[in-house]
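The structure appears right after this line, and notes come after that.
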Amino acid sequence: MINSATERLFFALWPNETVFSHLSQLSQAVTHTQGIMGKMIPPVNWHITLAFLGNINMATKQCLQQAAATVKSDRFNLSLDQLGYWPKTQILWLGASQTPEPLAQLVIQLTMALQSCGYHPEKRPFHAHITLMRKANRIKNLPSITPISWSVQDFCLVRSTLTTGSAHYEIITRWALT
């Protein structure tokens, strides 16, 4: 059981309405034309995780928010141009084949800032992606897609509340990119 004095948190890029619309069209087209079966992630939960924090107490949350406020990074364009499938975790994802330099710098700066609050970054390299489906059936040949262009203006701290069979995400704070 999760202690009520903690919150499950992560930092993320959150798509705007235009990007959500394009993502929704692409997701429907791919899953219907390819016959992909699995547990679709609700569109309201689509995001790119920058740093997963886990269950965080209120004092640490405040530290993390102050640390995030020190991050200065440029706005950037992100091209979501690649569908992928991770067989081990059975995840169908949409991501970027190239990480723009401002995004790489944002992740580095955020990670460094958060470490002052006790954050321990993941060992695996950052890969910008949006999870579209979990428990996806084995996918052999994914189609080429028309890239979705996303003008990233900010990053945010998000609260994740787990419920039976799903998660509810709520943006707590946004920080503008310059």
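Yeah, the Cβs are placed from backbone N, Cα and C, and that goes for glycine too.
All annotation found in TrEMBL is predicted automatically rather than curated by experts.
Feature annotation from TrEMBL assigns motif 'HXTX 1' to 47-50. Per TrEMBL, the feature active site, proton donor maps to His47. Residues annotated as motif 'HXTX 2' in TrEMBL: 129-132. Taken from TrEMBL, the feature active site, proton acceptor applies to His129.
Other Cβ atoms within 10 Å of the Cβ of His47 (active site, proton donor) number 19 in total over all chains. Recorded residues the residue listed as 'active site, proton donor' and His129 (active site, proton acceptor) have their alpha carbons 8 Å apart, per Cα-Cα distance. The Cβ of His129 (active site, proton acceptor) lies under 8 Å from the Cβ of Ile48, Gly84, Trp93, Leu94, Gly95, Ala96, each of which sits 6+ residues away along the same chain. With a threshold of 8 Å between CB atoms, the same-chain residues lying at least 6 positions outside the motif 'HXTX 2' (129-132) that come near it are 15, 23, 27, 30-31, 40-41, 46-48, 80, 84, 91-96. Across the motif 'HXTX 1' (47-50), DSSP assigns 0 helix, 3 strand, 1 coil. Applying DSSP to the motif 'HXTX 2' (129-132) sorts its residues as follows: 0 helix, 4 strand, 0 coil.
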